[in-house]
Amino acid sequence: MQEAARRASLRKEHTPTNEKFGDLSKQDSLGERASSKLTLDDELYDILYAFGETDAFINKGDKQRETDEDGNPLTRQALLERIRQKKEVIGKLRCQAWSMTRKRRTLKLAQKYLEQHESKVSRSHLYMEEMRKRARLMKRSFSNFKTYLIPWESKIKRIESHFGSVVSSYFTFLRWIVFVNIMITLIALVFVVLPETLADSVANEGRFNRTKTRKQIPANERVHADELAVVWHYDGYLRYSPLFYGYYSDDPFLGNKIKYALPLAYFMVTLTIFAYSFFAILRKMAANARMSKLSGSKAEQYIFNWKLFTGWDYTIGNSETASNTVMAVVIKLRESIADIKKDAHGKFRLLQFSLRVFANIIICAMLGFSIYCIIFAVQKSQVQDDGNLFTKNQVPSVVSTITHVFPMIFDLIGKMENYHPRTALRAHLGRVLILYTVNYITLIFALFEKMTALRDRVNSTSTSSSHRTKRQQGGWNPNMQRPPPYASRAEVRQMSDFLAANTRRFQTVSQRTTRSVTTPFTVAPQFGPFNVNNPNAVFHNGTHSTSFESQILGPKALPIFTPPPRKYPGFTPGNVGQQFGGPDFPRNQVYTKSTPLPRVRTKPPWVYTTTHPPLVQNRAMTTTMSKSAKKGNSKNLDDDILLSNETIQMSEAALRRNHDGHNNDICWETIIGQEIVKLVTMDLIFTILSILVIDLFRGLWIKYCSSWWCWDIETTFPEYGEFKVAENVLHIINNQGMIWLGLFFAPLLPAINNIKLIILMYIRGWAVMTCNVPAREIFRASRSSNFYLGILLIWLLLCTLPVGFVIASMSPSRSCGPFARYQHFYTVVTREIEKRVDQTVLSYIRHIASPGVVIPIILFLILIIYFLFSLVRGLREANTDLQAQLVHERTEEKKKIFELAGGKKNKFEKDRDKKRSNDYIPLIEQRRREPWRQYHEMEADHALASDSSEESDINEDEDDERQPLTAYPLRAIETPPETLQVTAFHPSLGSLIENREMEDEESASGDQLPMIHKSVSFQGPSHMQMRQSISTESCSQISRSAIQVATPEEIRALLRPYLEAKYGIPYQHGIKSFPIDVHTPPNNTPSRRSSKYNSFVSLYEHTRDDHKNFVASTIKETDEDPGKSDKKQTSSKDVAPDFMPWPSADEARALREKMKSKTPLMLTKTTVEEKPKGGKSSESEFRPPVPIHRKYNIQTTEEENEEEETDSAPESSKKRFRISVSPTKTIAPASASRAQHKIVSQASSSSSIPHGRQPDPNKKASLVLPPLRAPRVQFDEDDSPRQID
């Protein structure tokens, strides 16, 4: 209250005494506004007016503003408050719905006030305000500068100006994916890669020896590590890099002082990345949901308005794109019109149905073919040293080809289906999405099958600890004194199969072994490990060891030769135990005798060369002879060393072709990581190739060949390449799914993906601006942004399933990765929990984690989810119902407002009201309202007009002689002609009260009254009925009485007995609403609307008939010969009104002031009495048909007749009157003996006499009507009328 009083005082202070009328109206409006509760806009509005709106006003009111309402100078607090108000005005100015001129003027005034008064508070305060101002400017400048730091913002804006916001949404989505991958990469780098690298940089000798096999490439692989095929396979140096799983050590802790658990960190980082991805996607979807407009229901209500007024893209800055957008809007409008006109059930077409079935069969066959190709490629993929590029990379090549080629084939197949363009687009997107999903699932299953085979192979070679130690050392640890060159990791069975399948024996005529008497032993020409140069063979009398592996070592292979026969010293025959040798030698051989051979002495080495055509590759073998072991009864052999070169022929199948030889052990996690990284890389290459071939080369061909080609290739086929936003977004989603899938096996895969996405950003942007055109059918990003994010969320869920299966079910590799020490991947978490949690609590946790508790919890969560879905569905339905209710109420309120304002109803509303009113109209009333009656019913139907008992007393002979009733035109008045505004009935008592009076300004002649310039609606009989002659013996009396107010409830109470008796059911509803009426055309003909003609509710439609331009006509009875009674009389003045000039402004102002004057009305009843005449008097009578429940009898008394005689004496004392009928009162006749003819007055929408019934001005007036008057009443607080004397 104090604030309101202060504002009021400010208004008084700043209001000059010599203000003009407009300024006073402003201050009056402000005073009215101050009395109510002000909103923020009102406060700002008052502040602006309180401090003035012009510079002159500010200069003149400075002295007054420096004082408060008491005249005292303003205190510092008050001045600060005013300064705060001004700052609030400046801060909220941008949000005001004002014109720009007013905003600038207000800003200027507020700033000027602050400049003048801020220094008066205190200098320190002024400095603080200046600092705040500078800080705001810096903040704003920094916010503007940040826009330049957003990556690719200018490129995206340029694309948006040429192609619109739909195409730019793809690049915005791509940029968001890049940001997400950058965050994932930072998480992996900080918590996994960086600790491992730091630990290696300060590693001691023990850690170096433990991790050397994982982090350093072996010497045999270093030779080929820089070859293109090895690098393309992500092998060589890349395999032993932090890119893959196998690089990381399995030490429980890193560092001595700061113990960092890398296995636990690796596990938790994987979970954190998936959680962050979920959070980022859901947060983006929520932001889009908040920013989106809930225009679904609105678009359904106003289809064409939304498409027309919101279909334009204001970001377009290119003329060609603008013309394309115009055509797109036109096409959408045509499609909407076609959809509206299209029948619900289209005609069945057999050919079209057959084509659609055939197209779906082809698409399903292509999906099956893609599944077969992926499975076949995964199963047959091998890492080879030779072969073409496709055989080395079958899996990524096949998957990328299917991803890029099949969607284009789907698009071509979809054209034969002849769907609606919008339906065809959605079907194509659905098929592409199904293709990506099927390929993804197939690839996962194929990789898991391959992984299972690799794990089984690893498990078969790790049956004992000795085998595991030998496999881990692999023969290449220089710190160990062993092993010999033939140390093997292979299994005995595998080695035997390998040798049996890949070894060819020499065919010689002589014996294969030669025994010399002088030598203690015999050396076979074929023995020892394969492919070893300069062999040193040792014959042992011990157990044969068959576990070995061949290695590719040393320089180039030596040529094939056959050693010359030699003689050896004799020896005693006996058993010779073999430690090693080829499969051609049995374990124990007994030589009974020796066959002497010719001895040839040569100096070693002996080199002989022979040629074998089927040989594929040469291998050199070195054999070393050492001390022999002693076994059983075998005799000791002499120590000797034999140097010889032997060559063994190997078939093509014996060449090393699998990946087992590239590493000392099989690390299946790294192998899967390599496959996924190759998929991502191959997808980038295929994307670049598709852009070059499909977009660039096609664009060049069309540009330079369209002028001379045999058909129009620019507009028909192949056209310029379209940038398909939806397909490209699905491609990005598929690529991101691969990243999430391979994240566990390759921690730095998101970094590679960032490089790929950046390349895509630039090459796609270049292709769009150079080669592409906007697509004809647009899948709008504004409506489908959450659709894309929803697909991305589903893809993330699909990626978490296989990774979760690996973590929960698979056993890690024993020789690589951070989980090599554990039985399962999740064991690292369980062990940490066991270390840090009490056993009692741990037992409870185990019980809770048991299936007996987890399964019910899962079921309970499913029920909760179902309940929430049901709740959301119910709320959505309730929201729909509320929207429908709001729309209905809005429509009804609009209709009421238009009715109150005199608006018209449209055809639909009229028909609806007509249908509603039929439920409450009696049958006799419906017959009376038939449209043909106003044209063809020559005489009033007594059966339909009235059922009054007094009508039977009327003399029927009076109908023989009739006289037409005519009405004189109205007298001209000094008011401008204007159209009468028709208002609907409003159920209040004030609608029946007349508030205006009009002075009698009849001319001295009084013969002719010109027609008024108004369009008045009159529900009455037709012209033919108006001109029917009536009997001259009958007389017509018009009774005038004061208006009696009747509420709608009273009218319903009067109608209820009749309706219950008529229909036999209790009447429940009254008159729901009174229909409005429309004004007639300029010819002033009565309304012919059947629903309003002779309607019983028309009384309330026009409750104010004494408008300022309206004067009731006077009905005069004329003496006419009986012979002339049937003759129709017309007057030119009845057809068209006389010309009346518009009144001047002074006349209109005087008339308005005269209308505002308040004059008490006559409350006495006046009647019109017919003057006595000799003989038969001819009267004009009209009997419109009236329903039973709306008929009123108007009668007069002798006192009224006498009063009429006194009122009609002088011409100057004649006053106009209005025929007003009370809907609930019937006046009984005063004298029954007197012959009277009653006029059954009908409740019409206007009480004025229609122009069709205007009397002939040439006839003598026999009836003089009193002036139009009505009692003046006022209303109390209970809405009850009270008459004013």
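Note that Cβ sites are derived from N, Cα and C of the backbone, with glycine treated the same way.
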Which residue among ASN209, ASN1083 does Swiss-Prot mark as N-linked glycosylation site?
ASN209
Membrane topology agreement for MET327 and GLU925 per Swiss-Prot:
yes
Pick from 246-270, 321-345, 371-395, 696-720: which stretch is listed in Swiss-Prot under region 'Required for interaction with tmie'?
696-720
358-365, 742-749, 758-765, 766-773 - the range that Swiss-Prot marks as region 'Required for interaction with tmie':
766-773
Taking Swiss-Prot as the reference, CYS667 is linked by a disulphide to which residue in CYS816, CYS1035?
CYS816
Hey, would you say the transmembrane segment (421-455) packs against the transmembrane segment (853-886), going by three or more CB pairs under 8 A that are 6+ residues apart?
no
Counting each residue once, how many in the topological domain 'Extracellular' (203-260) are helix, strand and coil under DSSP?
23 helix, 2 strand, 33 coil
DSSP residue counts for the compositional bias 'Basic and acidic residues' (1146-1156), split into helix, strand and coil:
11 helix, 0 strand, 0 coil
For the transmembrane segment (389-416), which stretch among 261-292, 668-705, 749-771, 786-809 has the most Cβ pairs under 8 A?
668-705
Candidate ranges 668-705, 725-745, 749-771 - greatest C-beta contact count to the transmembrane segment (261-292) (under 8 angstroms):
725-745
What stretch of 350-381, 668-705, 786-809 shows the most Cβ pairs under 8 Å to the transmembrane segment (725-745)?
786-809
Spatial neighbours of the transmembrane segment (668-705) far in sequence, C-beta under 8 Å, 6+ residues away:
232-235, 239, 243-246, 381, 393, 395-397, 399-401, 403-404, 443, 447, 450-451, 454-455, 458, 659, 713-714, 718-721, 731, 735, 738-739, 741-742, 744-746, 749, 752-753, 756, 759-760, 763-764, 767, 770-772, 812-813, 816-817
Test of understanding: give the count of other CB atoms lying within 10 angstroms of the CB of ASN209 (N-linked glycosylation site).
13
